[in-house]
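First comes the structure, then the notes that go with it.
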Ligand code: ATP
């Protein structure tokens, strides 16, 4: 089986600054670091490192070649990433000495996908494969519709939260991932609890408090506790959790067991700095002592 992930690929450019720049100020950074980012890329890497066949559907511009090479290196199938004449998605991340950050995000190529590209990629999918979507690309609703028609299990991580985007994909969803804040935002936008929206499986992640599964068919609610770790950087924990849950489901693991494995991966992630580049592989996750 496979996981088809329509997702963003970003170049994260991180600048350490003596303080945040004032309007009109020119400020020299004290250090610079560049890495692979984007929720989509993180989730593809997580799914691949968890042992799944992860096919990324996306787009990069001419400066994005290394991001595709890096995804390939991490085991992601990159055949369906288009090379287009648009700037590669990127984030300019300013960090001050207190660790506070400011981020300028330019979606670029991530929002230049076409329905034809998505349709062509998914024509290689098999019924029962998983299609994963988030909100850093365009074409989510079109992809969800195509995925549903092809008999794929459609999963969606509602991040960054966008009420219109969630509601556009809801009718075609099998699995919905939300963090605590997104769950509250969705309830506020619709007046309905996420677990009452007709989606088969709803997972709400709760950071250090773990994650909760709502079975839309039986109404059963199951809590999966988090592991006890000392967090240093929570970036990418949610993306890693999602990729791990789906990889486990893809090989037939029951939901609550899949979430248990994913919470081990999420716990390891919060003990490390960085995102896609530090996502643990399955062996590490299985062998970790907490
Ligand atoms: P982010 O946007 O920071 O990537 P998120 O808000 O989408 O994350 P979280 O709910 O913070 O997602 O984390 C996802 C999962 O990772 C949690 O359900 C939990 O299993 C694990 N996790 C997150 N934070 C911690 C923590 N401090 N200790 C242990 N496990 C954690």
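Just so you know, glycine gets a Cβ as well, placed from its N, Cα and C.
What TrEMBL annotates here:
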ACT_SITE  239  active site, proton acceptor
BINDING   10, 11, 12, 38, 39, 40, 41, 42, 136, 239  substrate binding site
BINDING   179, 205, 206, 207, 208, 209, 210, 238, 239  ATP binding site
BINDING   233, 235, 269, 272, 274  K(+) binding site
DOMAIN    6-280  domain 'Carbohydrate kinase PfkB'
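Within 10 Å of its Cβ, the residue among the binding-site residues 39, 272 with the fewest other Cβ atoms is 272. Taking the C-alpha atom of residue 136 (substrate binding site) as reference, the shortest distance to any of the binding-site residues 179, 208, 210, 233, 274 belongs to 179. Around the Cβ of residue 10 (substrate binding site), the same chain contributes 36, 37, 38, 41, 67, 88, 89, 90, 91, 105, 110, 136, each under 8 angstroms and 6 or more positions distant in sequence. Distance between Cα atoms for residue 179 (ATP binding site) and residue 239 (active site, proton acceptor): 11 Å, as a whole number. Per-residue pLDDT, averaged over the domain 'Carbohydrate kinase PfkB' (6-280), rounds to 97. Counted over every protein chain shown, other Cβ atoms within 10 Å are most numerous around 41 among the binding-site residues 41, 206, 208.
In this structure, the C-alpha atom of residue 208 (ATP binding site) lies 20 angstrom from that of residue 39 (substrate binding site).
A sphere of 10 angstroms centred on the C-beta of residue 239 (active site, proton acceptor) encloses 30 other C-beta atoms. Checked against ligand 1, the binding-site residues 136, 179, 233 give 179 as the ones with a Cβ under 6 Å from it, listed in sequence order. Excluding 233, 235, 269, 272, 274, which define the K(+) site, the same chain contributes 232, 234, 236, 237, 270, 271, 273, 275, 278 within 8 Å (Cβ to the Cβ centroid), listed in sequence order.
In this structure, residue 179 (ATP binding site) is part of a beta strand by DSSP.
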